[in-house]
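Working notes for the structure below.
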Amino acid sequence: MEKRKVTIRHFLEAKGSRKLAMVTAYDYPTARLVDEAGVDGILVGDSLGMVVLGYENTLRVTLRDMVAHVAAVARARPRALVVADMPFMTYETGPRDALRAAAKLVRAGAEAVKPEGGVEIVDVVEKLTKTGVPVMGHIGLNPQRVLTLGGFRMVGKDEEARRKVLEDAKALQEAGAFALVVEFVPASLAKEVTEAVKIPTICIGAGPHCDGQILVLHDIIGLSEKPPSFAKRYADVASIIREAVAKYVAEVREGKFPTPEHYRP
């Protein structure tokens, strides 16, 4: 029997009872594979700028980029919930611009969107959720603010920063977010956030106390050149690709490929 489609309700009901597993995907074949592996959610992340397009950060990723990759993932018709990152400067300018951007992502196949920020984007989250667009929040480290942060640094190490993260979490919940990504904060703070809100929290680099975890696919399978310290590599796909292509190159140069079973006389 076919498994049921994962929905927002699935995420909400998992709070405190079942760990949620999410991963990124950016195209049709990887979306199909990670879905077959049983993930609860697929994030079409603006991290594609770094792991697919070769940028130093996520800031150069455009809405057009995101729409194309969301559409590719959606064509796999995954059981998992498809969440799309809202790229830099598509929502910071206000609710109206955010709604236009979210509409394009939803039309492409996204089932929820994820802007970064806390109290400062409450008006955006309220507008989106009241208009029928599910929102997953993102607190702690916001990669789109890498320039002002001076790099990808842990957030919430001092008391003032901890209070800000907690304030952001509660504000986003009140604004209508159905879940929160909590990125690169101390595990004790992630635990405090998880206990303070009624919606599920999804950790990345924030310890084991959230309601779920998310990692970038390329970090998991060994395709990232410089994975973050909090990522775990479960396979070395890079070596498999290099070995397979090297064998192909050698056989072509030695005249061993193609053989009769690969062509018609």
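Keep in mind that glycine also has a Cβ here, set from the backbone N, Cα and C atoms.
The annotation in Swiss-Prot ties Asp46, Asp85 to Mg(2+), and of the candidates under consideration, Glu13, Glu111, Glu116, Glu120, the one tied to the same site is Glu116. Annotated pair Ser47 (3-methyl-2-oxobutanoate binding site) and Glu116 (Mg(2+) binding site), C-alpha to C-alpha distance, rounded: 13 Å. Listed in sequence order, the residues Thr24, Leu43, Val44, Gly45, Leu48, Thr58, Val61, Met66, Ala84, Met86, Pro87, Pro143 complete the 8 Å Cβ shell around the 3-methyl-2-oxobutanoate site centroid, once Asp46, Ser47, Asp85, Lys114 themselves are left out. In space, Glu116 is the closest of the binding-site residues Asp46, Asp85, Lys114, Glu116 to Glu183 (active site, proton acceptor), judged by Cα positions. In sequence order, Leu43, Val44, Gly45, Asp46, Ser47, Thr58, Met66, Val113, Lys114 make up the list of same-chain residues 6 or more apart from Asp85 (3-methyl-2-oxobutanoate binding site) whose Cβ falls under 8 Å from its Cβ.
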